[in-house]
Amino acid sequence: MKITVVNHPLIQHKLALLREADVSTNKFRLLTEELARLLAYEATRDLPLEPVEIDGWCGKVTVQKVKGKKLTVVPILRAGIGMLNGVLDLVPSAKISVVGLARNEETLQPEPYFEKLVGSLDDRLALIIDPMLATGGSLVATIDMLKRKGCTQIKAIVMVAAPEGVKLVNTAHPDVEIVAASLDSHLNEHGYIIPGLGDAGDKIFGTK
Ligand code: URA
C-alpha cells in the first residue's frame, strides 16, 4: 500500500482532538483547516524551484521561486471545502477546481453532479482535498476527471484514509501520491472509516 502518513506531532495532536465524540462544529472546522495547512506543507515539499534574479535591498540577488504554472487545489464537495482555506493559506495564488460527487449510501459509488476545472491542467500540479478517503470511489473519479483534462501531476491530501480506499486509488492511479494524517483500520458496513471521524461533512458544516 502506497500512502504518506505524516507523523508530525502537531498533526497527530490535532487529529486526536478531531476524534473526540463531543467536538463542536467550530472546533472541528478550525482543526480541519489547521490540519489541511500542515498536510499541504508536506504535500508541497517537492515543488520544483527555479532561480530568479530580483532587485534586493542591496542590489541584484538571485532567489529561488516555485517554478511553473500556479497549482490548482481541487476540493471535492462538500467536505473538501472545509480544507480549502487551510491549503490556500500556504498557496494563496492557487487556482481552484471544484468537483461535486455525492456518495450513494447504498452502492457507495460516487455520483458526479458538478465539475468546474481550471484551464491548462496539463501544466499544473493538482492538489485534491477531501477529509476522508473511505472507499476511494470519489477520489478515483476525481483523478479520472483531471486526467481526462490532461492533468499529469496529481496529489491527494486527506485527513484520514481507510486501507480499502488507498488500495483502490493505488491500483487505479499508482502515480498519485496520497498524503494523510492517518491510515485507519477499516470501513464498517455503512462505509464509515473506523475509528475515523464520523461524517466529516456534517461535522464541518454543522448539519446532523
Ligand atoms: N465520509 C465521511 O465523512 N466519513 C467516513 O467515515 C467515510 C466517508
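Cβ from N, Cα, C; glycine included.
Annotated in TrEMBL:
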- 5-207: domain 'Phosphoribosyltransferase' (DOMAIN)
- ARG78, ARG103, ASP130, PRO131, MET132, LEU133, ALA134, THR135, GLY136, GLY137, SER138, ASP199: 5-phospho-alpha-D-ribose 1-diphosphate binding site (BINDING)
- ILE193, GLY198, ASP199, ALA200: uracil binding site (BINDING)
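Summary: among the binding-site residues (ASP130, ASP199), the fewest other C-beta atoms within 10 A of the C-beta are counted at ASP199. Its own atom aside, the Cβ of ARG78 (5-phospho-alpha-D-ribose 1-diphosphate binding site) has 17 Cβ atoms within 10 angstroms in the protein chains shown. Close contacts with ligand 1, defined as a Cβ under 6 Å from any of its atoms, occur at MET132, ALA134 among the binding-site residues ASP130, MET132, ALA134. Secondary structure at MET132 (5-phospho-alpha-D-ribose 1-diphosphate binding site), as computed by DSSP, is strand. With respect to GLY136 (5-phospho-alpha-D-ribose 1-diphosphate binding site), the closest of these binding-site residues in Cα terms is ILE193, chosen from ILE193, GLY198, ASP199, ALA200. The Cβ of ALA200 (uracil binding site) has 25 neighbouring Cβ atoms from other residues within 10 Å, across all protein chains displayed. The candidate set comprises the binding-site residues GLY136, GLY198. Of these, GLY136 has the most other Cβ atoms within 10 Å. According to DSSP, SER138 (5-phospho-alpha-D-ribose 1-diphosphate binding site) is assigned to a helical segment.
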